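Q: This structure is in structure tokens; I'll ask about it shortly.
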Amino acid sequence: MKAWLLVSSLCLSTFIAALEQTIISTAAESISRSLHTTELEFTWIGTAYLLPAAASTPPWGKLSDIFGRKPVLMISIVVFFIGSLIGALAINIDMLIAGRVIQGTGGGGILGLSATVIGDVFSPRERSKYYGVLGVTWGVACGLGPIVGGAFCQYVSWRWCFWINRTSLPQSSPNPLNLTTSVPVAGVAGALVLLFLEVHTPRTPIIEGLLAMDWLGTITIVGATVMFLLGLGYGGIAYPWNSATVVCLIVFGIGDNRRLRPDRMEGRQVLDHAAAPVQIPPPISPPSASAYIHGLRLHRPTLYYPPAVLSRSCSAPPRSLSGVYLLPVAVTLCVASTATGLYISHSGRYRPPIYFGLVMMILGHGLYINLQPYASWARIIIFQIIAGLGLGPLFQAPIIAIFSLTKPADTASAAATVFFARDIATAMSIVFGGVIFQNRIRAFKSDIEGVVSPELTELITSGGATTASDQIRALPAAARSLVRDRYNTALRSEWIFYTALSGAALLLSVFISKQVLSRDHKMNKTGLDVQEASRLEELEKEKKAAATDAV
């Protein structure tokens, strides 16, 4: 009972963070119209949450190593709450993006630390069962997020996508859905964590702990990630791909991220309390790569664009219905995640679910290439079910594989590795998808301008493709059919790209080391003394390895 209360507190925390990744998918068009955004700004409505969620994961993990999991998780929930408040009060796109950035910073800590706590508390065999529960929580958030976001946009306002995380909603807000004026989602999550999360919490002095942090490494990770994704987002849209701005952002974004170089990842260099001190053996690289491709495949093609695209295929359906379109993949994902957790808990083997998930991802998302510019419901539902069967097992299996190969002191760093890879891939997925789609649709400018007005043609091909759905539905049948066909062709390029990435992940997964998970476990401890002992142990190993090489 105690274990399930603990997991319940983590699940609710995970739910609010995961919900904000998907609730925007059906609200983005309303936000774009309300705040008058360009296509590039539209893309950053989603990326502004996902980017800091990825970049903040390593420092959140290191802070929890120093100060303990519970207080740092509580702080991340508070940060998430503040970001939600700013987003709800946004009067322009800059303020909204600022709120999403703060939200994402807190969300990155919530998701990463929830997984870390399970790794601390439970044995390798038991972890899989509870990670399955977290996977179901994420799946429920995936399913409810677009529906709730669409309902808010249709009946109240997109701002309620942010008010929902407050401990109270404004009394003056319209309430046709008969929702209560008190929605204590973030508040209840924080209270449950405070009451039921019983883990080792060291008494680390605040100043000493902060001085032990690798702030230079933290700034490097955040700065490099932002530069890289800005370069990808600007390429071909705001600036030409060969412009100095785009080239410099991408090159320096990759080059400056020294803290995550492979030599550091493999433990050949050990830094004092580094922001990403993942001294883990090389065999974990394929699981991290699988998690990366999983994140890259998940968000854009499965959760972000289909609601908007499918709504264009129908006769102006309500926005709440476009979220229902995602239920097949969300429900199947939950079932697959639960089954995977039970299988790993029973057998102790994590490689078969990874292989199965990647094969189904290739099949399911490869079938998306066959989607038509009209509502072919048999295709839409069956293809999503197959994709969900592939996505579900990959929520927990890669992190279980990594935890099985790491020391207890490196649990947070291992979780940070997986979630950094997954979150940065999710953010990159939106950027990659936007770049591929926008550049492809621009190639059809001559076709489109022959059937629609020059103004609408320019809107569709020069930055407003996603926000032009109302104008497209108002076109004559022949013109509407041509534009939808070009939309579908542009999206097909995305499906091909993501399917190829899934194949690359399957090839990498072959190199995952084979182990049978143990049922034995000892509670992990945190604090500077534990981290220092682990660091000295790594240094001693390096000295012995160097001496052996010298001989």
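Keep in mind that glycine also has a Cβ here, set from the backbone N, Cα and C atoms.
Sharing the feature lines straight out of Swiss-Prot:
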- 1-18: signal peptide (SIGNAL)
- 40-60: transmembrane segment (TRANSMEM)
- 71-91: transmembrane segment (TRANSMEM)
- 102-122: transmembrane segment (TRANSMEM)
- 132-152: transmembrane segment (TRANSMEM)
- Asn165: N-linked glycosylation site (CARBOHYD)
- Asn178: N-linked glycosylation site (CARBOHYD)
- 179-199: transmembrane segment (TRANSMEM)
- 206-228: transmembrane segment (TRANSMEM)
- 233-255: transmembrane segment (TRANSMEM)
- 324-344: transmembrane segment (TRANSMEM)
- 354-374: transmembrane segment (TRANSMEM)
- 380-400: transmembrane segment (TRANSMEM)
- 417-437: transmembrane segment (TRANSMEM)
- 493-513: transmembrane segment (TRANSMEM)
- Asn524: N-linked glycosylation site (CARBOHYD)
Q: Do the transmembrane segment (417-437) and the transmembrane segment (71-91) come together with 3 or more C-beta pairs under 8 Å, pairs six or more apart in sequence?
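A: Answer no: the transmembrane segment (417-437) and the transmembrane segment (71-91) share fewer than 3 Cβ pairs below 8 Å.
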Q: Decide whether the stretches the transmembrane segment (324-344) and the transmembrane segment (206-228) have at least 3 CB pairs under 8 angstroms, with pairs required to be 6 or more apart in sequence.
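A: Between the transmembrane segment (324-344) and the transmembrane segment (206-228), contact is absent.
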Q: Quick check for me: are there 3+ Cβ pairs below 8 Å between the transmembrane segment (102-122) and the transmembrane segment (40-60), leaving out pairs under 6 residues apart?
A: yes
Q: Restricting to CB pairs under 8 Å, which listed stretch, 206-228, 354-374, 380-400, is in contact most with the transmembrane segment (493-513)?
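A: Per the Cβ under 8 Å count, 354-374.
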